[in-house]
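Annotated in Swiss-Prot:
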type     : residues : note
REGION   : 100-126  : region 'Disordered'
COMPBIAS : 100-109  : compositional bias 'Basic and acidic residues'
COMPBIAS : 111-120  : compositional bias 'Low complexity'
ZN_FING  : 130-158  : zinc finger
MOTIF    : 130-135  : motif 'RNA-binding'
REGION   : 147-188  : region 'RNA-binding'
ZN_FING  : 168-196  : zinc finger
REGION   : 225-244  : region 'Disordered'
REGION   : 306-362  : region 'Disordered'
COMPBIAS : 327-346  : compositional bias 'Low complexity'
Amino acid sequence: MSTTLLSAFYDIDLLYKNEKVLNNLALSTMLDKKAVGSPVSSTNSNLFPGFLRRHSASNLQALSGNTNPAKFCPNNNQLKEPAAGSTALLNRENKFRDRSFSENGERSQHLLHLQQQQQQKAGAQVNSTRYKTELCRPFEESGACKYGEKCQFAHGFHELRSLTRHPKYKTELCRTFHTIGFCPYGPRCHFIHNAEERRQAPGAGERPKLHHSLSFSGFPNHSLDSPLLESPTSRTPPPQSSSSLYCQELLQLNNNNNPCANNAFTFSGQELGLIAPLAIHTQNPPYCRQPSSSPPLSFQPLRRVSESPVFDAPPSPPDSLSDRDSYLSGSLSSGSLSGSDSPTLDSNRRLPIFSRLSISDD
């Protein structure tokens with residue numbers, strides 16, 4: 001009989017403990033806030049219909065423990081520990097079903113990392129034009145560089161590269177440096193700071209020489225010392241024209257004719273060369289040179305001033321008081337020129353206009 005009583009008490013105690021465990025599980029499932037997505041168990045959902053949630057992952061694991069009551073033996077602490085561990089495992093497996101988890105989070109971080117790498121590569125490509133074109137200062141001073149092989153500056157002259165410059169690099173003066181005496185760019189400035197920095201622009205050879213024509217009086221300019229401004233007579237001889245031949249014929253006639261025949265003015269050889277271009281101004285002659293060693297010559301073929309179209313006066317009306325022919329003949333025949341003396345008029349001879357006036361008064 002004693003054994004029967006003991007077995008009865010044992011069954012009552014076991015039922016009490018199981019009921020207590022189930023009550024604790026019901027309270028824990030009410031406080032569970034996990035997301036939906038877990039399948040519903042048809043066998044265990046009828047036990048506690050008022051306290052269970054359809055899509056809770058922890059409810060499935062908790063109710064599955066009811067099939068094996070020996071697993072949840074007399075201690076409540078042993079029951080809570082495996083339930084918590086199984087819930088964590090289910091949450092890890094079903095994390096993609098949780099609404100609070102974003103699947104694009106890791107992917108966006110990976111894309112951001114790739115973009116940063118591409119930007120770094122692009123930055124290295126932008127600076128590739130100046131890569132290894134200057135010496136590394138820390139390497140020159142201490143012989144070591146913290147960047148090592150990744151340094152963008154040259155570690156020695158064997159790594160130094162030549163930089164491609166603009167065609168006008170160091171060919172013009174730096175306005176800022178020569179105005180205020182300071183340039184913020186320093187040695188990297190593309191303009192000239194000192195005379196030794198000047199370099200000749202590629203393709204710019206000698207400048208073309210300027211060709212200057214003779215002056216209006218026929219004299220070449222002998223004060224030009226620069227080779228860029230040399231006269232064209234030193235490069236090519238002047239072309240022979242009809243006016244120059246005419247000037248030479250005039251000089252030959254002067255050597256053969258009488259110096260005193262039909263001449264109103266007398267010139268020396270040096271002065272004849274000055275007046276000859278003026279005499280044939282209408283034919284635009286070049287400069288006719290007469291050697292200074294020749295004796296004084298007379299310039300017979302000089303035309304009268306009245307015959308030259310340059311010096312022709314406008315026709316005067318018939319009632320004018322001036323007699324042009326008599327005036328010119330009288331004024332030209334009375335003057336003489338020797339050396340640098342100016343022509344003088346005869347004081348005893350009156351001008352024709354004054355003689356006309358005196359006759360009209362009488």
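Any Cβ shown, glycine's included, is placed from N, Cα and C.
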> Which sequence positions outside the compositional bias 'Low complexity' (111-120), separated from its termini by at least 6 residues, show Cβ-Cβ distances below 8 Å to it?
Replying inline: none
> Can you tell me the mean pLDDT for the region 'RNA-binding' (147-188)?
Replying inline: 85
